[in-house]
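Copied over from Swiss-Prot, here are the features:
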- 108, 113, 130, 133: Zn(2+) 1 binding site (BINDING)
- 74-89: compositional bias 'Gly residues' (COMPBIAS)
- 172-182: compositional bias 'Basic residues' (COMPBIAS)
- 74-98: region 'Disordered' (REGION)
- 172-196: region 'Disordered' (REGION)
- 261-306: region 'Disordered' (REGION)
- 320-360: region 'Disordered' (REGION)
């Protein structure tokens, strides 16, 4: 046991390795400074340091704090001030240029026209065309013959105009379309505002079949319900109707007299009864007397027997009829006979023996 121990003075037995522990040589430790407690700092300096760490420099005024950052911030602010000074210098140069710039005087854009548009109307000055060339049928602008359009207020080529029109074809078509729409709307408005609900057709003209003049009030078939704006006023209807009635009676009498005049010239066949009253024979003799009278001088062939034309003085017939006071007397129509004209009423109206008309 003693030989196996680490200590002992005996020899090391065979087969056993001996281990010797040698001491490690190390450098002596360096002297460390003595630990000093931190110096007490003032609260204002500490707040400035914290503010410098959290400042994002987003405002116009830079953040100032103590230490090394203060110099950097001061340098940065100085550089910014230099930039601001450069901007103000540029603005000053711009103002000087604007003050020294010469105002451009507008001129007519037609080639060969150097008229300044300084004392003309604002319209010509704005569109850069003088008054003479604005109305000219053709001018040369940019090497092409053009014309100034009064509605577009600019130049067009001559192919866009119709004949000597001052406005282009496209603008004229739009203008005409707007006029047609306005006229149609006005006509519809007038028709809806009519007291009898009767629309006005054809751009203000009366409907087809009605007279277009004031003589429409003379119609005997017109009534107060059918009166429109184209007819006569109400106070004159009675007087006009009376005049129209007299005129119609005169025309009827003239037609009957002319028919009797030609029937007397061609006597009926032998054996055919005339069926006329004695008064009609008197009228026939009166017509024969008129035929025997020579035509007035200067009458020409119009009043000859060969011409077959008769001119009646309707006013004379109307006056004579009104003065005699003997109206026409209706006579029953003749019955239809074999070989004769069915429904022929030659004696439907027989004039009075005392009534007459002047045949010229």
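Every residue gets a Cβ built from N, Cα and C, even glycine.
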Q. Around the Zn(2+) 1 site recorded as 108, 113, 130, 133, what other same-chain residues have a C-beta within 8 angstroms of the site's C-beta center?
A. 107, 109, 110, 115, 129, 132, 134, 139
**Q.** Secondary structure tally of the compositional bias 'Basic residues' (172-182) (DSSP, helix then strand then coil)
**A.** 11 helix, 0 strand, 0 coil
Q | Cβ neighbour count (within 10 Å, all chains shown) around residue 130 (Zn(2+) 1 binding site) | A | 19
Q: According to DSSP, folded down to helix, strand and coil, what is residue 108 (Zn(2+) 1 binding site)?
A: coil
Q: Give the three-state DSSP assignment (helix, strand or coil) for residue 133 (Zn(2+) 1 binding site).
A: helix
